[in-house]
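A quick write-up on the structure given underneath.
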Amino acid sequence: MDQSVSTKANSSILEVWGGTPLQGKVNISGAKNSALVLMAGALLCSEPCRLRNVPSLADIQGMAKILKALGVKIKQDNDVLELDPTHITTTDAPYELVSKLRASFFAIGPLLARMGVAKVPLPGGCAIGARPVEIHVRGLKQLGAEVYIEHGVVHAYASKLKGAKIYLDYPSVGATETLMMAATLAEGETVLDNAAQEPEVADLANFCISMGAKITGAGTKTITISGVPKLHSTDYNIVPDRIEAGTFLMAGAITHSDILLSPVVPDHLTAVIAKLRSIGFQLTPDAQQGLRIQSKGVHTGTEIETLPYPGFPTDMQSIFMALLTLSEGNSVVTETVFENRLGHVPELVRMGADIRVKGNIAVIHGVPFLSGAPVTGTDLRATAALVVAALAAKGKTSIEGLQHLDRGYSDFEQKLRGLGARIERVPAPNA
Ligand code: EPU
């Protein structure tokens, strides 16, 4: 992450005065988790590439720094990124940059495939879990690479990767993306079985296909990649961010508002839309890539279990839980994807929520109201959940942890203000 951005975010808080209904239309940015991996994917190409609809985020700046350190020339004009990876000057990714942004580990697959060597520090864990990379490493070995870890750095070598049939023990998004990128320039055919089916995986495949890669089946459990000798220039538009869209759906739902989100791909939000409908909200796709949410009054509790796509997304768990704190009746939320993703619970409890946690399960008894309080976000989606809860709480909520929020939401408070929310970023009292 850009250090100056991070320091500024650390010394600011968000003040939210809850209880104002929202109205109007909100623009959804390009998907963070597509943009990050597509930027790394550009390393596969020996010619300049253009990415459009790139969200304005601290994580994107972080990935740009890493690519620049590897020799990629980057120009940014609003949401358009021009990447020129023609001359890679080093295959060693710098620790101080990689340790700040896990997604930078994505560089390993493309660097290895194109340059025959990659040295990328292990990204380490983060607030939501240990986040190991052994599935990535095992897959690269199956593609014929020599891979070992020394002094905290993953070293990978292969004069030419060779296509292989690879079964992933778990449909890891990052491992699927790493192996798909590596296989695009391998000799022969690679089949990834039990692959992740997330829309960002399909977006990466489409980006690679637009550069001349031969990939079929992305978005299903089995992806087939026929290696090609090189990839060519492209101009590619990133898909809308389904988690940002889901976050605004929750903002609309918790304030019982009528709002329109656009652009959205409703098929990317099937599990979230189904849950919202089942607890009492009306969701209507419109012809212009829009999605409208309307409240029908009371909403009820439900059961949610996070799962790999197309199951309920772990990235929406905390944010949906904010809504369930005000549902009529009881709810049960089970987090199965990350081992430590309930950091928002004590903070929601500070706001008056009734939640008990046992292991990875949270039991929520709906309460009639939340009340504003000082709270701290522990990770990106936990912080977003606190903002959503604050929109409905009585009085003022002060939210710390904005360095997390700025990693993943572009112009968040401006977009919320555009819908009528009372939300301000102010210096922290003791900054
Ligand atoms: N896992 C392993 N071994 C591996 C790889 C993964 O055990 O080699 C485990 C992880 O520890 C985790 C589970 O598998 O418990 C899922 O991890 P996955 O690899 O699928 O996730 P990721 O690629 O690290 C991406 C997103 C996350 C999102 C997850 C799941 C990016 C940059 N990040 O992470 O996004 O939660 O997929 O959908 O694409 C976020 O945006 O807030 C975020 C955390």
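Using N, Cα and C of the backbone, Cβ positions are placed for all residues, glycine too.
Annotation source TrEMBL lists domain 'Enolpyruvate transferase' at 18-416.
Annotation source TrEMBL lists phosphoenolpyruvate binding site at K32, N33. DSSP assigns N33 (phosphoenolpyruvate binding site) to a helix in the three-state reduction.
Under 8 Å, Cβ to Cβ, and six or more positions away along its own chain, V337 (UDP-N-acetyl-alpha-D-glucosamine binding site) finds T306, L307, P308, T314. V337 (UDP-N-acetyl-alpha-D-glucosamine binding site) falls within neither a helix nor a strand when secondary structure is assigned with DSSP, and so counts as coil. If you look up TrEMBL, you'll see R102, D315, V337 marked as UDP-N-acetyl-alpha-D-glucosamine binding site.
Proximity of C126 (2-(S-cysteinyl)pyruvic acid O-phosphothioketal) to non-local residues of its own chain (separation of 6 or more, Cβ distance below 8 Å) is seen for R102, D379, given in sequence order. Taken from TrEMBL, the feature 2-(S-cysteinyl)pyruvic acid O-phosphothioketal applies to C126.
According to TrEMBL, the active site, proton donor annotation covers C126. In three-state terms derived from DSSP, C126 (2-(S-cysteinyl)pyruvic acid O-phosphothioketal) belongs to an extended strand segment.
Taking the centroid of the Cβ atoms of R102, D315, V337 as the UDP-N-acetyl-alpha-D-glucosamine site, the other same-chain residues with Cβ within 8 Å of it are I128, G129, R131, V173, T314, F338, R341. If you draw a 10 Å sphere around the CB of D315 (UDP-N-acetyl-alpha-D-glucosamine binding site), it holds 23 other CB atoms from the protein chains shown. Listed binding-site residues: K32, R102; maximum Cβ neighbour count within 10 Å falls on K32. Sequence-distant neighbours of N33 (phosphoenolpyruvate binding site) (same chain, 6+ apart, CB under 8 A from its CB) are A103, V173, E198, E200, D241, I243.
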